[in-house]
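Comments concern the structure below.
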């Protein structure tokens with residue numbers, strides 16, 4: 001779908017701003033369709049175009065002159081990357097960043113819809129801004145990100161949070177200048193939410209957070225439709241960037257001196273599958289990027305279904321592709337996996353793990369797990385625990401199932417009592433802590449290479465950073481070491497971190513092309 005087609009199907013509250021009625025929520029309910037699994041599955045047939053000509057119109061260039069902005073970001077790395085893009089656009093409009101919310105002229109809340117707790121935090125944040133809006137009515141408050149793509153969320157804001165000036169979604173960040181202008185001119189709340197994704201927009205300005213590590217989007221959206229997940233609806237179908245655009249961005253980051261990049265996508269393993277006539281996947285992209293002078297390259301998030309032997313081969317070759325694989329399993333029971341729509345079985349997952357470990361003996365495996373899924377029995381949960389023992393994950397992100405409106409799982413009977421869910425989470429977390437501590441202990445007495453990222457959050461006399469396998473290391477050293485890869489001798493292994501002694505700067509170079 002190209003930009004013109006996209007605009008013709010967008011939700012246009014802007015055109016209604018001059019109407020006398022103020023019942024925008026009713027209007028929105030009529031034109032906005034809630035997530036439809038049936039319709040969403042058809043979307044792969046629509047064409048995706050690439051826009052290389054993004055420019056900010058000159059008439060917007062001084063819009064933010066003398067004004068400040070603040071963006072509060074919730075959620076995943078993709079949201080963090082979107083925040084960098086929005087900061088880049090606002091900077092190009094003349095706005096300057098501030099960390100003081102009371103002095104910000106524009107406040108954007110970049111939201112996450114993955115769990116109910118994240119949404120509750122956002123609504124609390126919006127509510128807290130009501131007092132600020134009364135004191136400074138000229139402040140523009142905007143809500144964006146994944147929550148903005150949900151009908152129920154937008155209607156709630158329209159009805160209960162009149163301090164919000166504008167709402168926009170994940171598909172039209174590049175239209176921020178136009179949306180901002182409308183917010184300044186309109187007396188009503190501005191809502192521009194695209195229910196379908198648009199073109200892949202290149203050349204968007206970015207203000208990256210720091211100059212050590214960088215996010216690099218390689219694709220957008222997800223077509224897996226796990227039954228618990230809202231992301232395929234809030235982020236749209238899978239759209240891969242062209243390899244040459246990604247490689248050019250990585251080369252530019254190398255020239256700027258970045259030490260680590262993370263290739264981003266809701267399902268990075270599916271990279272390239274949506275581009276007709278391109279026999280080029282994530283393994284090929286990793287191999288090409290391995291020839292660029294970036295010391296470390298990571299990728300996230302992986303779906304086991306699309307994890308290929310080609311990827312394993314490239315990671316096994318070493319170089320700058322780190323030996324850390326985050327491979328969400330979600331459950332160890334086949335019946336639960338089937339209800340989740342995960343497309344693999346316990347056996348196929350373990351077979352993949354075995355292939356990874358065979359070819360990459362030094363790999364660090366981590367995962368995501370959900371407990372208390374609808375109809376999950378004690379016996380089924382026990383299979384998750386035994387799978388954890390079999391794989392020996394070095395860490396896991398664990399969650400109690402959170403119902404998301406609009407997903408197939410939301411229609412299921414959530415019949416696992418909350419106290420049972422909490423007990424299962426506690427059991428699982430004990431196992432996570434046990435295996436994490438075991439993984440950490442093998443580093444005692446060893447020298448590791450640490451990318452020093454800054455001072456410790458707990459002690460500003462201590463520096464901290466991560467190993468290639470994503471282990472947190474704390475050590476004392478001159479602050480001039482920040483941004484460098486250094487050698488650290490590990491004196492003490494803790495449950496989730498390592499303490500060490502600084503030895504030297506690691507001046508090992510990466511082979512370049």
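Yeah, the Cβs are placed from backbone N, Cα and C, and that goes for glycine too.
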Checking Swiss-Prot, the member of 144, 146 that binds [4Fe-4S] cluster 1 with 76, 112 is 146
Can you tell me how the residues of the domain 'MTTase N-terminal' (67-185) break down into helix, strand and coil by DSSP? 66 helix, 23 strand, 30 coil
In this structure, the one of the binding-site residues 76, 112, 222, 226, 229 whose CB has the fewest other CB atoms within 10 Å is 76
If the [4Fe-4S] cluster 2 site is taken as the center of the Cβ atoms of 222, 226, 229, which further residues of that chain fall within 8 Å of it by their Cβ? 224, 225, 228, 230, 231, 232, 266, 267, 341
Surrounding the recorded [4Fe-4S] cluster 1 site, with Cβ no more than 8 Å from the Cβ centroid of 76, 112, 146 and those residues left out, we find 74, 75, 78, 79, 111, 113, 114, 118, 145, 147, 231, 234
Minimum Cα separation from residue 112 ([4Fe-4S] cluster 1 binding site), reported as the residue among binding-site residues 222, 226, 229 that achieves it: 229
When the pLDDT values for the domain 'TRAM' (441-504) are averaged, what is the result? 97
